[in-house]
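First the structure, in the form of structure tokens, and then the observations on it.
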Amino acid sequence: MTSMERMERDAMETVAPYARVTYHRRVRGDLDDTLPKPYLPRALQAPDMEHPQGTPDHRHNGLSVLQQHVAFFDLDNNGIIYPFETFSGFRLLGFNLLASLILAAGINIALSYATLPGWLPSPFFPIYIHNIHKAKHGSDSKTYDNEGRYTPANLELMFSKYARTIPDKLSLGELWDMTEGNRDAFDFFGWLASKVEWGVLYALASDEEGFLSKEAIRRCFDGSLFEYCAKNYAEIKEYKTYY
């Protein structure tokens, strides 16, 4: 092998011999086979290799993908999410009273100030959707960028790195490993927030075998999962009431 050939090979290598973590957490090199420009952050849609156009029939309404993610909880569609709306949103998803209360309090207290239009805090802890990108924490998957766009390659990397049992699903243990692998140094808030967020998603959308599917995660990013789960839960409640 010539020096030029070696340089060309090394330029595309994804595993470093003396960095074992690069061997255990593999990355894919075939993303652009079915997904155009996978490393390009998307502002309006959340595509993956199986859904290169994003979620069918999901309306973005001009919101960024991160804004779409939280818009489900804006029950009166005024662009502001108050704690009682967060609480009601979790109830619509099927969470019990105590869990909904704890999650609503924690989310609005943690995120409100960063999204406020001014410097003075609000005793009502509102979350302003147009500023939700300012509440993005560290130690996350980097699937959202700092402006609230969605990077499809980073969704795919979750599974190439951590899905060791089923290629397109993550077990609870694999989710834990992922949150550990995403930790930024001394980011204590981000460590906790990441584990809580993924734990809530696992409780909401894991299947009967204890796995969280890639499709559920993708649809969580654009918020369409919440609409789907709320509709299913409402139908179950109606069925139980009827019978």
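Note that Cβ sites are derived from N, Cα and C of the backbone, with glycine treated the same way.
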From 77-86, 87-96, 117-126, the residue range that Swiss-Prot assigns the feature motif 'Proline-knot': 117-126
Largest tally of Cβ atoms lying within 10 Å of a Cβ, found at which of the recorded positions ASN78, SER224: SER224
Cβ-Cβ neighbours of ASP74 (Ca(2+) binding site) (radius 10 Å): 18
Cα-nearest neighbour of HIS69 (heme binding site) within the listed recorded positions, THR2, ASP76, ASN78, SER224: SER224
ASP74, ASP76, ASN78, GLU85 excluded, remaining Cβ within 8 Å of their centroid (Ca(2+)): PHE73, LEU75, ASN77, GLY79, ILE80, ILE81, TYR82
